[in-house]
Amino acid sequence: MVNEEPNQQAHDGSPAQEPALRADPSASAHPSVSAHASVSTHPSVSIHPSVSAHPSVSAHPSVSIHPSVSAHSSSSAHPRTLAQPGGLAYPSSSCPEDRSVIKVSKRRWVVVLLFSCYSMCNAFQWIQYGSINNIFMNFYGVSAFAIDWLSMCYMLTYIPLILPVAWLLEKFGLRTIALTGSALNCLGAWVKLGSLKPHLFPVTVLGQIICSVAQVFILGMPSRIASVWFGANEVSTACSIAVFGNQLGIAIGFLVPPVLVPNIEDRDKLAYHISIMFYIIASVATLLFILVIIVFKEKPKHSPSRAQSLSYALASPDASYLSSIVRIFKNLNFVLLVITYGLNAGVFYALSTLLNRMVILHYPGEEVNAGRIGLTIVIAGMLGAVISGIWLDRSKTYKETTLVVYIMTLVGMVVYTLTLNLGYLWVVFITAGTMGFFMTGYLPLGFEFAVELTYPESEGMSSGLLNVSAQVFGIIFTISQGQIIDNYGTMPGNIFLCVFLTLGAALTAFIRADLRRQKANNGTPENKLQGQEEEEESNTSKAATTVSEEHF
């Protein structure tokens, strides 16, 4: 393992310009290493002639020579890679993109904000039908369940496609996935413009399915973008901002459609109002697609953190994709997180899809306020997401924060359930907002906790599996709660969701906080006490001197 000098870490964007690999004359090698004065190695590695082999391994804090490395006068290290255990190849600092320097890129905020914008556009298209469910029912002459499926198709499409898309992310990288997702989002928006007649419901279904495929290329990206572009003290905040865009899209999807599309009987006028909404979203999607082509880059020139640098080093082109999945599912803590995240997000998806129906049952004619209640839920959740992201970057208390937020989500859901039918809309606004602060604020917490538990596995893989769980539970909860509401009312339907949130909170308590990414970031010399450093250097120098004397 290669360790870096203390001055090589860049904190809060300060670059470190020193090479990451440097050998000290006092270093000694493992028995399997034979060092010779005429040895030829990688340009960034210098081995002093006085290095000698000894049964006891002693190394200076700034260098570690693995036993599998053999240095001899007749050998020459490959200019691109260094040999490491298990056949893994460590990239050399002579590569065009120098991974030995830890430095954050100024472009990182532009990348995450652009992603957040096209994620917002896609999320708007998910909820634009459900937020005015009754109006689209009348326009197309279909059942409420048919309109619900325009929301659930997002969930259904995600399940079979996430693993192929996660493979594409590993194979072709972030830029390709970003281009594909924004292109499909744009295409789906334009297809919907061909469905402005009551008999063209299948066309709007086709457009929504295309947008749902785009979502597969979007939903699992936040943690990957955060890891690739942001430093160790920014990743949680960056992930929250990336998720923020999706939540903002849902919020706008609750607010704008009831304003743009009034509840009127004349279908020709209704088609005109729907066309305005469709043209606006298609234009925005097109603009964002063009910006992605111009602005979005694959990755920064330098690694933004030690953990990401090590992740690049551990990457192997021959690594088995299936073996990565198997390793992830052998991680019990992650499996528990998959279940608990799915329960929480599934409840949110069901509430978002059915909110219009629930509010109108108790407050007839309040379509606009139903949208505003949805807006309140999501805006409060966005605030919760940003606060929790900043808190995680400073405290690193992933398990504790996740558990507290989950319990408060349950409390908020119970209070919302008990106040929905009281007849006071202002009370519903307050209780729904409180619930949303914790419920949607939990989503980026789950992403970041998953990356910590599964490092150095792909962030796209862990996020994708969390979202698969969310989609599965979302479909189950949406269908089940919809049937319960139709047959028994909103109170039993919401109690049904409360039961599963209770189960999720209980399972969260059993997740062990095995923060592997934090260990990778913190397992460096600068995190040791100065006295320990000096003692280690002293011991290393003495050992090297003894070895030299015995050799000669």
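Just so it is clear, glycine is given a Cβ too, placed from its N, Cα and C backbone atoms.
TrEMBL does not curate its annotations; it predicts them automatically.
Source: prediction; values computed, not measured.
Feature annotation from TrEMBL assigns compositional bias 'Polar residues' to 1-11 (among others).
Under the heading region 'Disordered', TrEMBL lists 1-96 (among others).
If you look up TrEMBL, you'll see 25-79 marked as compositional bias 'Low complexity'.
Residues or ranges marked as transmembrane segment by TrEMBL: 109-129 (among others).
The domain 'Major facilitator superfamily (MFS) profile' annotation in TrEMBL covers 111-516. Model confidence over the domain 'Major facilitator superfamily (MFS) profile' (111-516) is summarised by a mean pLDDT of 86.
If you look up TrEMBL, you'll see 149-169 (among others) marked as transmembrane segment. Long-range neighbours of the transmembrane segment (149-169) within the same chain, counting only residues 6 or more positions beyond its ends whose Cβ lies under 8 Å from a Cβ of the stretch, are 126-127, 129-130, 136, 176-177, 180, 204-205, 208-209, 211-213, 215-217, 219-220, 224, 321, 325, 349, 352-353, 458, 460-461, 464-465, 467-468, 470-472, 474-475, 478-479.
Annotated transmembrane segment per TrEMBL: 176-193 (among others), in sequence order. Outside the transmembrane segment (176-193), and at least 6 residues removed from its termini, the chain residues within Cβ reach (under 8 Å) are 115, 118, 121-122, 125, 165, 168-169, 203-204, 206-218, 221, 275, 278-279, 281-282, 285-286, 288-289, 292-293, 296.
If you look at the transmembrane segment (199-223), the same-chain residues 6 or more away from its ends with a CB under 8 A from one of its CBs are 115, 118-119, 122, 125-126, 129, 140-142, 146, 150, 153-154, 156-158, 161-162, 165-166, 169, 174, 177-178, 180-185, 187-192, 235, 238-239, 242-243, 246, 444, 447-448, 450-451, 459-460, 462-464, 466-467. Sequence annotations record features per position, and here TrEMBL assigns transmembrane segment to 199-223 (among others).
Here TrEMBL flags 235-256 (among others) as transmembrane segment.
Marked as transmembrane segment by TrEMBL: 276-296 (among others).
Marked as transmembrane segment by TrEMBL: 332-351 (among others). Long-range neighbours of the transmembrane segment (332-351) within the same chain, counting only residues 6 or more positions beyond its ends whose Cβ lies under 8 Å from a Cβ of the stretch, are 151, 155, 377, 406, 409, 413, 439-440, 442-443, 446, 449-450, 453-454, 462, 465-474, 476-478, 481, 497, 500-501, 503-505, 507-508, 510-512, 514.
Through the fold, the transmembrane segment (371-391) approaches residues 127, 131-132, 236-241, 243-244, 247-248, 250-255, 257-259, 351-352, 355-356, 359, 397, 401, 405, 425, 428-429, 432-445, 448 of its own chain, all at least 6 residues removed from its boundaries and within a Cβ separation under 8 Å. Annotated transmembrane segment per TrEMBL: 371-391 (among others), in sequence order.
For 403-419 (among others), the entry in TrEMBL reads transmembrane segment.
Here TrEMBL flags 425-445 (among others) as transmembrane segment. Beyond the transmembrane segment (425-445), the same-chain residues lying 6 or more positions past its ends with a Cβ under 8 Å from any Cβ of the stretch are 222, 236, 239-240, 242-243, 247, 341, 344-345, 347-348, 351, 359, 363, 366, 369, 372-373, 376-385, 387-389, 392, 398, 401-402, 405-406, 408-409, 412-413, 415-416, 419.
Feature annotation from TrEMBL assigns transmembrane segment to 465-485 (among others).
The transmembrane segment annotation in TrEMBL covers 491-511 (among others).
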Item to check | Proximity of the transmembrane segment (465-485) to the transmembrane segment (403-419), 3+ C-beta pairs under 8 angstroms | outcome: no
